[in-house]
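Engineer: Input: one structure, supplied below.
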Amino acid sequence: MLNPKVAYMVWMTCLGLTLPSQAQSNDYRPSYHFTPDQYWMNEPNGLIKIGSTWHLFFQHNPTANVWGNICWGHATSTDLMHWAHKPTAIADENGVEAFTGTAYYDPNNASGLGDSANPPYLAWFTGYTVSSQTQDQRLAFSVDNGATWTKFQGNPIISTSQEAPHDITGGLESRDPKVFFHRQSGNWIMVLAHGGQDKLSFWTSADTINWTWQSDLKSTSINGLSSDITGWEVPDMFELPVEGTEETTWVVMMTPAEGSPAGGNGVLAITGSFDGKSFTADPVDASTMWLNNGRDFDGALSWVNVPASDGRRIIAAVMNSYGSNPPTTTWKGMLSFPRTLSLKKVGTQQHFVQQPITELDTISTSLQTLENQTITPGQTLLSSIRGTALDVRVAFYPDAGSVLSLAVRKGASEQTVIKYTQSDATLSVDRTESGDTSYDPAASGVHTAKLEEDDTGLVSIRVLVDTCSVEVFGGQGEAVISDLIFPSDSSDGLALEVTGGNAVLQSVDVRSVSLE
């Protein structure tokens, strides 16, 4: 994914026009969110499980802390918690960088790049030719379970000339291939993003190498989609069960560059039907289609090849919407915490819901629990707890007109405040006093999401706190806000308060998170 804002920020850095940052003993490196070993990272690529190993590929500059020299970085894990850094998987070479794409298993060796005894794993990516700034689609393969990758000698598999009838930008805006095998039609499907045209194109192949255009999904064909949502990038597509029914539906997930609830880029998902050639979108509801109302959730993709015995659709995104501006010196960009994505009815509406994967419980320890306790205005709870890596869960019944506030990373003059305002059913994250916000005009302010009480009047909030981030999950996961924060080391306090009325705390669980 090539973002014009990123290019601008790279120039600012090259000119030495970076903003000052406060000193940090660990350079703000997260405790349990993935970061590259060093240098630049943007969105995840090619997420796939091979055997017992989860593979994370990501857009990476292995030589500098700014966007450029883009290749596929690589890390592996057996639990999605502890990551081992691996050598570059798909390198930039001969003036062609390796932009975003996806991976898939080729069990019947349709590509001919393995053999029947050892079928290959395939990775499709966008080749970005630096000299012309044009983009085409390319293929790499692995015959050693994803440890190493070889570029296909016949690249590109979709050239700019083949794209031309469907791309009015002359090869400048065709990228981020999502590829999967469509069981119903027996074909391989590729979904390409055309950011300059606000559309996706759908292609089919019998052998994963030779591709035929089939259809376009344009913004004008999606009933209810605002014309302000522009710059489509990083598509994903999959079937998702509708909880509580025997049905499944097709889902298209993508990252527009503009139009998100928090401003700028964000991730949305739409449901619809797919016949093997074209996707027909259901009418969208602007109040439920966005997967995150925070500023820092970009370029989400899902892991594939997850066994049916697991059954989860797990997604992750990059947490950074500010290019090279954040005040870190040895790294830029971090992965959101992996979360499950499901589709269910909440109240009277169908919602996408997300929850942190349960593996988080294996690396956390309870610090304090409360049950069936009423908090009143003037009280402060949890103030004895200190921590910069926490998992905080609060379930409560709010009085009419009350506002429950949870301050995290709290210090003498710093705090990030998560609030629930009962009168308008609003969940919010306030970064106004969160620490260093000078690095970007969008780094401060308040982000909000609608969160209704359940049928019994209960509100549930879960907050993942890390060195430089908060990720908030409201209700069953229908309201999510992910934001970067940059407080000082000493701002490690916690405070739970209420104003405007009481709140009955059904349960509170504060857990310390550590990979050690």
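Please read every residue number as a count from 1 along the shown chain.
Cβ coordinates come from backbone N, Cα and C, glycine included.
The signal peptide feature in Swiss-Prot is assigned to 1-23; the stated evidence is sequence analysis. According to Swiss-Prot, the substrate binding site annotation covers W40, M41, N42, E43, Q59, W67, F99, T100, R175, D176, E233, on the basis of similarity to another entry. Summarising the annotation, Swiss-Prot assigns active site to E43. Annotation comment: Swiss-Prot describes N109, N210, N372 as N-linked glycosylation site, evidence class sequence analysis.
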Engineer: By a simple count, how many Cβ atoms lie within 10 Å of the Cβ of E233 (substrate binding site), its own Cβ left out?
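Structural biologist: There are 22 such Cβ atoms around E233 (substrate binding site).
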Engineer: Say you check the Cα of N109 (N-linked glycosylation site) against those of the recorded positions W40, N42, N372; which is nearest?
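Structural biologist: With Cα distances computed to N109 (N-linked glycosylation site), the winner among W40, N42, N372 is N42.
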Engineer: Give me the long-range Cβ neighbours of N210 (N-linked glycosylation site): same chain, 6+ apart, Cβ under 8 Å, in sequence order.
Structural biologist: I157
Engineer: How far apart, in angstrom, are the most distant Cα atoms among the substrate-binding residues W40, M41, N42, E43, Q59, W67, F99, T100, R175, D176, E233?
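Structural biologist: Comparing all Cα pairs, the maximum is 20 Å.
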Engineer: C-alpha of N372 (N-linked glycosylation site) to C-alpha of N42 (substrate binding site): distance in Å?
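Structural biologist: It is 43 Å, counting Cα to Cα.
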Engineer: So for W40 (substrate binding site), how many other CB atoms are inside 10 Å of its CB?
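Structural biologist: I count 27 other Cβ atoms within 10 Å of it.
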Engineer: C-alpha of Q59 (substrate binding site) to C-alpha of E43 (active site): distance in Å?
Structural biologist: 6
Engineer: Report the member of N42, N372 (the recorded positions) whose C-beta atom has the most other C-beta atoms within 10 angstroms.
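Structural biologist: Result of the Cβ crowding comparison: N42.
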Engineer: In DSSP terms, helix, strand or coil for E233 (substrate binding site)?
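Structural biologist: Looking at the DSSP assignment, E233 (substrate binding site) belongs to a strand.
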Engineer: If you count CB neighbours within 10 Å, which one among the recorded positions Q59, N109 has the smallest count?
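Structural biologist: Candidates: the recorded positions Q59, N109. Fewest Cβ atoms within 10 Å: N109.
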Engineer: Rounded to a whole angstrom, what is the C-alpha distance between F99 (substrate binding site) and E43 (active site)?
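Structural biologist: So the Cα of E43 (active site) lies 10 Å away from that of F99 (substrate binding site).
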Engineer: So for F99 (substrate binding site), how many other CB atoms are inside 10 Å of its CB?
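Structural biologist: Other Cβ atoms found within 10 Å: 26.
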Engineer: What whole-number Å value do you get for the CA-CA distance of R175 (substrate binding site) and E43 (active site)?
Structural biologist: 13
